[in-house]
Amino acid sequence: MTHDGVRRGAPDDEIGAGPLSRGAAVVWWVLVVSALTVLTGGLPLAVVPLLAVDASNAPLVALAFVPLGPALAAAVFTWRRFVADRDLSPGRHFWRGYRLNVLDVLRWWVPTLAALAVISIGAGNLDSAGVPAGYGVVLLVVAVAVALWAVNALVLSATLSLRTRDVARLAAYYLAARPLVTLGALSLLVLCAGVVWLWSDWVLVGLLGLLALALTRNAGPVLTDAAARFTRPADHA
């Protein structure tokens, strides 16, 4: 069942049909969604640049990322509403999405962060453990696969009412079933890494709202297929 409350209507009813009013509405949505995403999920990430680059800090980094999952899910929920039936109340849609998704997202988001922390600790201690360096490449591939799976799980959790085990299965299924979407998600992950490398973590935090928009647009084929094949329509008043 879909739970994004989408009502297919004409966006001109509230924001007007002129290019200026429509452009202003887009800017308003970007500002509000970005601010709320940073407020609910980005602030704890401020401690990450202050930590030493050491594998022993991986659990602390994972802990700082815990609020980010529900925040991004709420942003994806909001952008889905923007695409389908925009109005001038992005904040209302964000908080509704946050309330609906926070527990469902945390059920798989926390274990995912724990897994990535374990991988990071393992990768950071290859030399001391006497493990061949080639295993570092294997761990990197596994970490990227987990991150791509998490992207699919995020957009599915944000948009559809699914059990956690179904989210896990569908997220894995669509990695291979929709390779272009997976490639797009990989490109976004590389872009995020590039932003951090060239500028700073702070810049990426400021772009979280736009990142959620990019994830939403990229995952369109996955969401359309999943809604058609694995859910039934919801009757929203």
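Including glycine, each Cβ sits where the backbone N, Cα and C put it.
According to TrEMBL:
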- 26-52: transmembrane segment (TRANSMEM)
- 58-79: transmembrane segment (TRANSMEM)
- 100-123: transmembrane segment (TRANSMEM)
- 135-160: transmembrane segment (TRANSMEM)
- 172-196: transmembrane segment (TRANSMEM)
- 202-220: transmembrane segment (TRANSMEM)
Highest-contact recorded stretch vs the transmembrane segment (172-196), from 26-52, 58-79, 100-123, 135-160, 202-220, CB pairs under 8 Å: 135-160
Intrachain residues whose Cβ lies under 8 Å of the transmembrane segment (135-160), provided they are six or more past its termini: 1-4, 69, 72-74, 76-77, 80, 97, 101, 104-105, 108-109, 112, 115-116, 119-120, 122-123, 126, 167-168, 170-172, 174-175, 181-182, 185-186, 188-189, 215-216, 219, 222-223, 226-227, 230-231
